[in-house]
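Taken straight from Swiss-Prot:
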- ASP19, LYS41, 69-78, THR124, ARG185, GLN194, 214-215: substrate binding site (BINDING)
- LYS71: active site, proton donor (ACT_SITE)
Amino acid sequence: MSRAPLPLRDDERLIFALDVPDRAQALEWVDRLGDSVAFYKIGMELLASGEYFQVLDELARRDKRVFVDLKFFDIPATAAAVIKRLSQWPVSYATIHGWHPAMMEACAAANSSDMRLLAVTVLTSMGRPDLAQMGIDREPVDVVVERALAAQAAGIDGVIASGQEAGPIRAATGAGFSIVCPGIRPGGPVGDDQKRTVGVAQAFADGADAIVVGRPIRLATDPQAAARAIQQEIASALAAR
């Protein structure tokens, strides 16, 4: 059975994508952002450094929440074993693929902590032509909602999905299911590899619990000011819904 969304403070609803190659750069960003960011996503690039869990430990030591975004996908027994071990670490969110119901059920059963598991639906870099190349000739929103319902039925706690699909997911799954939206573009589209993007206010108005922001903060002239501006926009969006 899916568990209720994490009880997040407003400032924890902004998750910064810590897309860096090593521990030194990761901690440099944490120092630079200070108290403007309370939640960090760490992914595959950092894993390749061999310093992944050192960074995880350091983030926890600094009272930051951690989102492990490694999109686990394997046979059910192997994926469940990974989740069982990962649940021993101070992790708030972790991603698994949302393509395999038996694997999702095994992962949900193996999670023995407060960590919330999020199923990957359709990457925000993909549109309908990309799905068609994979033999799925359907609109992304239809695939995303179908996978969200499958994840919920398997006992997974939520999904990570484009803000464009947050409303349909919330309508289909109800209030007790976590929705985390990456590909957020506070200032509108920026011409990168993200195709299905929305702004901060729209994501929360449509039911998102948290958002992931990377480049709009990382590439800003003043990253801390950019993060604080997003925090203010989140607070306004939450007050309005």
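Numbers here mean position along the shown chain, with the first residue as 1.
Note that Cβ sites are derived from N, Cα and C of the backbone, with glycine treated the same way.
Taking a C-beta cut-off of under 8 Å and a sequence gap of six or more, GLY214 (substrate binding site) has these contacts in its own chain: PHE16, ALA17, ASP19. Each residue contributes its Cα atom, and for LYS71 (active site, proton donor) and THR124 (substrate binding site) these two points are 14 Å apart. Under the three-state DSSP scheme, LEU70 (substrate binding site) falls in the strand class. Residues within less than 8 Å, Cβ to Cβ, of LEU70 (substrate binding site) and separated from it by at least 6 positions along the same chain comprise GLY43, MET44, LEU47, ALA94, THR95. In three-state terms derived from DSSP, PRO76 (substrate binding site) belongs to a helical segment. Summarising the environment of PHE73 (substrate binding site), the number of other Cβ atoms within 10 Å of its Cβ, over all protein chains shown, is 15.
Cβ neighbour counts within 10 Å, taken over all protein chains shown, single out THR124 as the most crowded of the recorded positions ASP19, LYS71, PRO76, THR124.
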